[in-house]
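To start, the structure itself, in structure tokens.
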């Protein structure tokens with residue numbers, strides 16, 4: 001994985017008054033950010049103050065690991081990862097194929113100590129999806145659980161070491177029994193080892209994202225980029241998100257998703273808060289945990305906000321401990337905000353906006369600040385501090401002023417280093433001046449608040465998950481009765497987003513049905529990528545270059561909906 005050494009484009013100097021570009025910055029003052037530490041040391045920098053405090057609370061068992069426990073166990077695991085048979089070194093890659101669990105957190109920071117990167121994957125993914133990511137990321141170690149282990153490619157077991165966190169199984173190592181022995185002879189990785197394995201621009205997290213177009217790609221997030229992103233949110237005298245060590249943060253969102261990994265796990269650890277870890281989301285169980293542990297901070301996504309807003313049971317629960325509800329991954333309308341706040345009148349509800357490639361947070365609601373600002377319903381915050389944001393005309397590239405919608409671009413040390421082994425996609429996303437082009441259309445109003453209004457990019461967003469049309473199209477055309485295919489998103493409720501819809505051109509004489517197409521895809525992809533509707537057409541509209549004309553398909557879809 002030597003290409004992870006490719007350099008992030010250098011940031012241009014901050015714009016001056018004479019610059020023709022219109023650049024927006026945070027209302028909060030920039031701060032000094034220590035982003036040259038290894039990520040694990042940065043997140044645990046307050047360890048001497050919080051060592052005895054709860055760090056991870058297992059929502060299923062009630063078990064508690066203190067900050068001292070998490071530090072000790074992650075050091076022990078790091079030492080085990082370095083030893084045979086794993087032999088992990090700087091530049092290596094570990095796949096974390098886990099639901100939320102204490103083991104997820106320990107694995108992530110152990111890999112950071114070794115100088116390796118963690119590529120996070122959804123354990124509900126199909127075998128094909130997992131195998132593709134394993135191969136693309138170059139992972140040599142997989143830390144997983146029995147429910148996902150059977151999905152791993154059997155032919156790669158010689159080159160792949162599998163570690164299970166739950167049951168013992170032939171051919172696999174056991175997380176606790178084989179790697180985490182507590183006998184005195186078992187070494188702990190020390191801070192002095194960091195100097196041997198660390199550079200702030202080394203990759204530490206390798207989530208997969210489809211970006212603005214195409215197939216999933218490895219997003220190279222470095223120690224520097226992630227520590228910068230965390231600092232932008234929770235560091236300084238007046239942090240953008242006013243968290244503190246007395247907070248109890250709910251982790252109901254999957255840690256394999258960058259929102260949870262960064263804003264819940266890393267930010268929570270940075271401030272010394274307790275994190276209540278939910279293995280699997282369930283609305284009743286979530287409300288139980290809020291009551292039992294007096295949760296104060298609840299990072300959610302719009303579908304969960306909607307579920308709480310519509311839940312009759314929520315009114316009978318004591319959710320009064322919650323003081324802050326962060327919503328991200330998809331836009332949310334005012335009617336849902338109002339219905340939700342009726343259930344939690346004592347909480348502040350606000351939205352943020354992110355993109356995996358941006359580290360991921362671009363903007364955050366300033367009502368969460370230690371010294372809060374008034375904010376508007378429907379806004380997704382203002383740009384984070386120590387960063388620059390501009391709105392450009394998608395056709396001309398010219399920067400636009402306030403209240404003019406255009407493509408959102410972000411620049412700062414929090415953005416990705418690039419896409420793994422894909423310089424062309426990197427070049428198409430981060431320009432020569434260091435601006436990351438998001439593919440989202442939005443505007444900045446007179447109060448510096450950002451509103452998302454449309455999507456320039458092809459990616460479909462369903463319940464906060466990314467669905468890449470190109471991935472589904474590549475699968476569809478492998479069917480012997482499909483001559484050509486294209487996939488677009490069909491907007492349903494704003495809080496849910498879009499569903500994948502396929503336009504299919506059948507081979508001559510084919511009797512292929514809509515159910516045939518749906519079932520063919522469903523066997524190969526995770527649930528949120530399933531095709532929900534199929535329309536048969538004579539041919540797929542394409543430009544002379546062969547590029548699918550998705551605007552034409554969206555017009556056809558709109559016409560079909562009107563006819564229905």
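Every residue, even glycine, has its Cβ placed from backbone N, Cα and C.
Here's what Swiss-Prot has on this protein:
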{"type": "BINDING", "residues": "209, 210, 211, 212, 213, 217, 351, 352, 356, 440, 455, 547", "note": "ATP binding site"}
{"type": "BINDING", "residues": "259, 263, 329, 351, 352, 356, 364, 457, 461", "note": "(E)-4-coumaroyl-AMP binding site"}
{"type": "BINDING", "residues": "280, 463, 464", "note": "CoA binding site"}
{"type": "REGION", "residues": "282-351", "note": "region 'SBD1'"}
{"type": "REGION", "residues": "352-419", "note": "region 'SBD2'"}
| Which one, from the binding-site residues 280, 455, 461, 463, has the smallest tally of other C-beta atoms lying within 10 Å of its C-beta? | 280
| query | Minimum Cβ neighbour count within 10 Å among the binding-site residues 211, 352, 464: which residue? | reply | 464
| field | Rounded Cα-Cα span from residue 461 ((E)-4-coumaroyl-AMP binding site) to residue 209 (ATP binding site), Å | value | 12
| remark: Excluding its own, the Cβ atoms lying within 10 Å of the Cβ of residue 209 (ATP binding site) add up to 19
| remark: The sparsest Cβ environment within 10 Å, among the binding-site residues 213, 351, 356, is found at 213
| said: Return the count of C-beta atoms lying within 10 angstroms of the C-beta of residue 259 ((E)-4-coumaroyl-AMP binding site), excluding that atom itself. | reply: 22
| task | Using DSSP reduced to three states, classify residue 461 ((E)-4-coumaroyl-AMP binding site) as helix, strand or coil. | result | strand
| field | Pairwise Cα distance for residue 213 (ATP binding site)/residue 280 (CoA binding site) [Å, integer] | value | 30
| note | One of the binding-site residues 259, 463, 464 has its Cα closest to the Cα of residue 356 (ATP binding site), namely 259
| Which of the three DSSP states, helix, strand or coil, fits residue 259 ((E)-4-coumaroyl-AMP binding site)? | helix
| message | Around the C-beta of residue 364 ((E)-4-coumaroyl-AMP binding site), how many further C-beta atoms are within 10 angstroms, looking at every protein chain? | response | 30
| If we check Cα distances from residue 211 (ATP binding site), which of the binding-site residues 259, 280, 364, 461, 463 wins as closest? | 461
